[in-house]
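Enquirer: Take this structure, written in structure tokens, and hold onto it; I'll ask about it next.
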Amino acid sequence: MSGVRLTVLGSTGSIGTQTLDVARQRGYTVGTLAAGRNLDLLAEQVREFRPALVSVDGSILAEARERLSGVRVIADPSEAAVAQADVVVNAMSGLIGLPPTRAALEAGQAVALATKEAMVTSAHLMWEAAAAGGGRVVPVDSEHTGVYQCLTGEDMGDVAELILTASGGPFRDGPADLSAVTPEQALKHPSWSMGPKVTIDSATLMNKGLEVMECASLYGLPLSQVGVVVHPQSIVHAAVRLRDGSLKAQFGPADMRLPIAYAIDAAPSGMQHPGDVRGARRGEEVGEHLGWPLLGQWEFRAPDLTRFPCLALAYRAGEAGGLLPVALNAADEVAVDAFLHGRIGFLDIPQLIERVLDETPGGALTWDSLTETDAWARARAQELCAYGVGGAGVGA
């Protein structure tokens, strides 16, 4: 696998830097990098991996061209996504990751997809892009690569349920009253090292809700066949229950380099339509294995939807479909940012999201309606945030 040529979109973020760890360990060539505004880290990556093409945020394009001499520098991640590569790893966070995903799939690229918003907000549009251009998709999330591995060799008609595990976040065992939770407390995830947005989503269980929606879209099952189990040890990442009663599970250490490496291995033969699971030949080990026997106690419990209503809101949006997943994603991004900056409280996050969902207009999902609904939901969420903690505009 050392001859693999990668494009890494979102290279300076958490998944992006860990992808480059995998590339470094396995000797992959990195032909293209795309980042936002973290020019210092990007410059280090360019010096090490010597890509031919780099994309940056337009606001730093002139400075980047000056500092990254000898490299072609652009301000268009979608152009970067179609550069020659064996695998495109899209680690861009948020809706800005959708156009590059679409471009890569329409260009026939093999995409290892960490941008969960692509499948949460616009799944059928992404599958249309893959069908049009011959692109392939494999997810990067540990839970979804776990499901992918469990489904390998199985007929989708034999699948009764897909099960995703959740660590439960930093507040799974307390405090009883979450109203006074601070951003600093919420950012202390017990198992995983992630970016701030995903870490807060894990604390509210919204991350698991988004993963449930993504899972249903990836594997072509209704949300009623995608379950969640809280597993504090974060060893079992996913399981598949088959119609004969058998249960297959995937487990491993809480190290994102493993699912990233598997997604890179699997992407060239990845999915072109929901549930199109073909497996992969695996590369060399990139992290420490769990060892055997596996010592210690494993716990599994049902999630508390009263304490963590964001998970229930995600099921609601996913079951409704249409434009509600777009509104959910946009409202959550605004709410999490407001919480991190002290503008609203922890418990205001689900209240704000619910208000936006209640007010979301109906309509069919198209690229235009997605963009319009995203903008509307963000603006409405910002209005609700303006009332502040405990304001009538949020909780009413």
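We number each residue from 1, going along the chain as drawn.
Every residue, even glycine, has its Cβ placed from backbone N, Cα and C.
So Swiss-Prot lists the following for this protein:
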- T12, G13, S14, I15, G36, R37, N38, E117, G195: NADPH binding site (BINDING)
- K116, S142, E143, S167, H189, S202, N207, K208, E211: 1-deoxy-D-xylulose 5-phosphate binding site (BINDING)
- D141, E143, E211: Mn(2+) binding site (BINDING)
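Give me the lay of the land around each of these features.
Expert: Mapped onto three states, the DSSP output places G195 (NADPH binding site) in coil.
The Cβ of K116 (1-deoxy-D-xylulose 5-phosphate binding site) lies under 8 Å from the Cβ of D141, L210, E211, E214, each of these being in the same chain and 6 or more residues away along the sequence.
In the three-state DSSP assignment, the secondary structure recorded for E143 (1-deoxy-D-xylulose 5-phosphate binding site) is helix. The Cβ of E143 (1-deoxy-D-xylulose 5-phosphate binding site) lies under 8 Å from the Cβ of L164, T165, E211, C215, H237, A238, each on the same chain and at least six residues away in sequence.
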Enquirer: Considering the binding-site residues T12, S14, N38, N207, which residue's Cβ sits among the greatest number of other Cβ atoms within 10 Å?
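Expert: Compared across T12, S14, N38, N207, the most Cβ atoms within 10 Å surround N207.
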Enquirer: Using CB atoms and a 10 A radius, I'd like the single residue among the binding-site residues G36, G195, E211 with the highest neighbour count.
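Expert: Top count of Cβ atoms within 10 Å goes to E211.
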Enquirer: Rank aside, I only need the closest one: which of the binding-site residues T12, S14, G195 has its C-alpha nearest to that of H189 (1-deoxy-D-xylulose 5-phosphate binding site)?
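Expert: So, of the listed binding-site residues, the one sitting closest to H189 (1-deoxy-D-xylulose 5-phosphate binding site) is G195.
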Enquirer: Just to verify: the residue among D141, H189 with the fewest other Cβ atoms within 10 Å, which of the binding-site residues is it?
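Expert: Per-residue Cβ counts within 10 Å for the binding-site residues D141, H189 bottom out at H189.
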Enquirer: I'm trying to understand the geometry here, so how far is the Cα atom of S14 (NADPH binding site) from the Cα atom of N207 (1-deoxy-D-xylulose 5-phosphate binding site), in Å to the nearest whole number?
Expert: 15
Enquirer: Looking only at C-alpha atoms, tell me how far N207 (1-deoxy-D-xylulose 5-phosphate binding site) is from G195 (NADPH binding site), rounded to the nearest Å.
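Expert: One finds 12 Å between the Cα atoms of these residues.
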Enquirer: Tell me, by DSSP, whether T12 (NADPH binding site) is helix, strand or coil?
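Expert: In three-state terms, T12 (NADPH binding site) counts as coil.
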